[in-house]
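Participant: Just passing along the structure, written as structure tokens.
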Amino acid sequence: MGVKTRLSELARLGAGAAAGLAWSLLAGFSRRIVDPLHQGRAMAIAMAGTPLALSLGVPLGTWLGHYLGWRLTFGIMSVLSLLLMIWIRISVPDSAGQQKHQKIPFRKVLATPGVRPVLAVVLTWMLAHNILYTYIAPFSSLSGMGAHVDGILLIFGLSALAGLIFTGKIIDSQLRKMVLASLAIFSIVSLFLGLFSYTPAILIVGSAVWGVTFGGAATLLNTALADAAEDGADVAISMTVVSWNAAIALGGITGGIILQGPGVNGLPWVILILALVSFLIVKINSEYAFPHPIRDEAE
């Protein structure tokens with residue numbers, strides 16, 4: 001293994017660790033600097049970068065890499081990251097963290113009623129999502145859209161942004177209903193993709209609807225987890241990062257196993273099962289994990 005390869009791997013490791021740390025802190029921080037009645041909306045705004053990156057960042061990065069080269073592209077990203085750090089230092093209000101005597105042990109947070117069901121939904125929902133997202137290229141080939149994967153992902157990303165905007169408007173009063181609706185619609189999309197996998201129109205429309213249901217997922221799940229964990233919200237949200245990334249890894253592995261077994265036609269059916277499992281977990285957990293709305297009553 002050469003020095004350049006090792007350096008590249010270390011850079012990836014550092015970037016991944018930094019992203020995981022930022023993700024785990026961002027949600028809790030955005031909640032602390034606003035009124036409790038608007039914590040869900042604040043998190044939706046803070047999480048807007050995810051669908052923006054999916055819809056614009058990936059194709060823009062590919063385009064810049066093609067025309068400017070990867071070195072200059074990474075240089076631009078580094079400069080933008082530095083400017084972002086300066087902007088945060090100047091503009092973002094400070095928020096006191098937990099004192100040492102206020103820290104809640106990891107095991108205690110995990111044992112908090114409602115935390116484990118939310119984490120289970122994170123794992124199953126995101127596993128279903130990542131199976132489709134990772135293997136969208138071979139699945140698109142069934143309908144003759146294999147050469148237009150970039151366009152399909154652009155539709156997905158823009159739809160995800162629309163879903164996030166909608167989520168931010170009503171999450172503080174309708175979190176449970178939105179999670180159930182998102183999973184129910186995602187299940188229906190999976191069913192249609194399974195039944196009509198050779199139809200281009202179904203793939204295009206399905207990708208748009210899938211994007212809408214996914215757009216608010218991170219905000220919905222992080223809000224549900226933070227609400228359940230209460231004072232242990234920061235620790236609980238760090239667990240979300242682990243579950244989320246585990247789902248990404250398992251999505252690639254599971255999808256690969258499906259392709260080697262029943263084939264690409266089997267993808268939507270496995271996704272459907274996982275989405276329905278997520279839906280059932282939410283449905284039967286209404287006391288702590290995904291309670292009926294109370295924020296609107298406080299208003």
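Every residue, even glycine, has its Cβ placed from backbone N, Cα and C.
The following feature annotations were taken from TrEMBL:
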| type | residues | note |
| --- | --- | --- |
| DOMAIN | 1-290 | domain 'Major facilitator superfamily (MFS) profile' |
| TRANSMEM | 12-30 | transmembrane segment |
| TRANSMEM | 42-62 | transmembrane segment |
| TRANSMEM | 68-88 | transmembrane segment |
| TRANSMEM | 109-128 | transmembrane segment |
| TRANSMEM | 148-166 | transmembrane segment |
| TRANSMEM | 178-196 | transmembrane segment |
| TRANSMEM | 202-223 | transmembrane segment |
| TRANSMEM | 235-260 | transmembrane segment |
| TRANSMEM | 266-285 | transmembrane segment |
Participant: When each of 12-30, 68-88, 202-223, 266-285 is checked against the transmembrane segment (109-128) for Cβ pairs under 8 Å, which one has the most?
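Facilitator: Most contacts with the transmembrane segment (109-128): 266-285.
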Participant: What stretch of 148-166, 178-196, 202-223 shows the most Cβ pairs under 8 Å to the transmembrane segment (266-285)?
Facilitator: 178-196
Participant: Counting only CB pairs under 8 A, let me know which of 42-62, 148-166, 178-196 has the most with the transmembrane segment (202-223).
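Facilitator: Between the candidates 42-62, 148-166, 178-196, the best contact partner of the transmembrane segment (202-223) is 148-166.
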Participant: Report yes or no: does the transmembrane segment (148-166) come within contact of the transmembrane segment (42-62), defined as 3 or more CB pairs under 8 Å with a sequence separation of 6 or more?
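Facilitator: Yes, these stretches are in contact.
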Participant: For the transmembrane segment (42-62), could you work out the same-chain residues 6 or more beyond its ends whose Cβ comes under 8 Å from its Cβ atoms?
Facilitator: 26-27, 29-31, 33-34, 73, 77, 150, 153-154, 156-158, 160-161, 163-165, 167-168, 171, 211, 215-216, 218-219, 222-223
